[in-house]
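The following features are taken from TrEMBL:
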- Asp32: active site (ACT_SITE)
- Glu92: active site (ACT_SITE)
- Asp165: active site (ACT_SITE)
- Asp32, Asp165: Mg(2+) 1 binding site (BINDING)
- Glu92: Mg(2+) 2 binding site (BINDING)
Amino acid sequence: MGRLRGQLATVALIFSLLHKLGVGGLRVLGIDPGIAIAGFGFVDKNGHKLTPVQYGAITTEAHTPQETRLVQIYESAGALMDRYKPDSVAVEKLFFNRNVTTAFAVGQARGVIILAAAQRGLPVAEYTPLQVKQAVVGYGKAEKRQVQEMVKMFLKLSAVPKPDDVADALAIAICHAHSAVLTNKINEVNRS
């Protein structure tokens, strides 16, 4: 019971510090992996402010051999990481749907993106769609349109980013920006 009380006190202290001081300087790369379209979004978090840095999509052509498409995704993701220098990378966790072939292709795309991050020493976090919706909208069963509107609002964008994969990537980055700040503070307190 004493250990739990200590952990709760630590969390309370962290929330208090976050509220009073804010937290500066965190750049997150969110990625919605895909073999045809991989959405990406870089978001800076300074205190309570979220700022979009760059966002878009890595695309590959359907007629191109799978291994070539994976190399294109790997190289493009790595070039983006090198250019925009994120502190961490967040990707959507794979969940199997009825189309197993698509799930495998998405899994391979995730793998080369995670490899690019690991080779650069970047920590990688994974979030389920439910976790992203919960973090961005406050409701795990939110509709895609609700998530997109919240991304637009949080980042003060004039329109919802297109294609949908880009808005999803920004939502993943927002989810991670919120959770990474708390996790980093907990780790700092536990180390001291």
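The backbone N, Cα and C atoms fix where each Cβ goes, glycine too.
There are 29 other CB atoms within 10 A of the CB of Asp32 (active site), with all protein chains counted. Recorded residues Asp165 (active site) and Asp32 (active site) have their alpha carbons 6 Å apart, per Cα-Cα distance. Cα spacing between Asp32 (active site) and Glu92 (active site): 6 Å, rounded to the nearest whole number. Using a 10 Å Cβ-Cβ cutoff, Glu92 (active site) registers 25 neighbours. Within 10 Å of the C-beta of Asp165 (active site) we count 24 further C-beta atoms, all protein chains included.
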